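According to TrEMBL, the protein carries these features:
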DOMAIN    43-71  domain 'C2H2-type'
DOMAIN    100-128  domain 'C2H2-type'
DOMAIN    129-156  domain 'C2H2-type'
DOMAIN    157-184  domain 'C2H2-type'
DOMAIN    185-212  domain 'C2H2-type'
Amino acid sequence: MDVGVLEWQPRPPTRWIDDIKRVAGKYAEAYTLRKLADGSSQFACKHCAGVFRTNNCFTQHYKQVHLKERPRLRACHLCDVKVPGYMRAFHMEQHGLPAPTCGSCGKKFAYPHQVLRHQKIYHMGEKNFPCNTCHLKFASNHALKYHERTHSSHKPFGCEYCKKCFRWKKSLKTHVMIHLGVKNHQCSICKAAFVQQSSLKYHITKKHPGEH
């Protein structure tokens, strides 16, 4: 045991079950809680060398790395390949079918209903919400606020593992997967796995042209 580190092995809850579960977490038996000399805590995974600052970070790691939880796969109606929803548009393009695309901005989606929802939020109706920086107008305040981040240097989403910050929560989530060692994007042909969807697309284009 490291100097200045106290370790606590979570025990199966007996009394006050709800409170204990809330504090220790659903996967309490899978980690060792270390109390550091400065008063902070570390969640050390019992299955690997991973150490995490919060129970939430440990839980993400344990579920995705050790329990091998993967995105739900959906069968293609044109072939036998199963792909996660976020890869559907890319897969259908391999069959020569264009991805559902917004005619106003060119953004691509997995399903047609996503295009309609996007258009209602960002393009339909009177555009009464102007950007003070570039004077583009938007159909909702939500769309305006989302757009305004592109003009700001403010990056409110910070990584717990390093000092890198991001404008978008989605970008932070993708970045954290690198620290957690999570590779959710798996090739359905050779089973190679990647952290980012863009890496999987590049892999398929280079390694399996015409196969997917």
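Using the three backbone atoms N, Cα and C, a Cβ is placed for every residue, glycine included.
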Q: Tell me the residue counts in helix, strand and coil for the domain 'C2H2-type' (185-212), as DSSP assigns them.
A: 11 helix, 4 strand, 13 coil
**Q.** Other parts of the chain folded back onto the domain 'C2H2-type' (157-184), taken as Cβ under 8 Å at six or more residues beyond its ends
**A.** 50, 53-54, 57, 60-61, 64-65, 70-71, 149-150, 193-196
(Q) From the DSSP assignment alone, can you count helix, strand and coil residues within the domain 'C2H2-type' (157-184)? (A) 12 helix, 4 strand, 12 coil
Q) Which numbers of helix, strand and coil residues does DSSP report for the domain 'C2H2-type' (100-128)? A) 11 helix, 2 strand, 16 coil
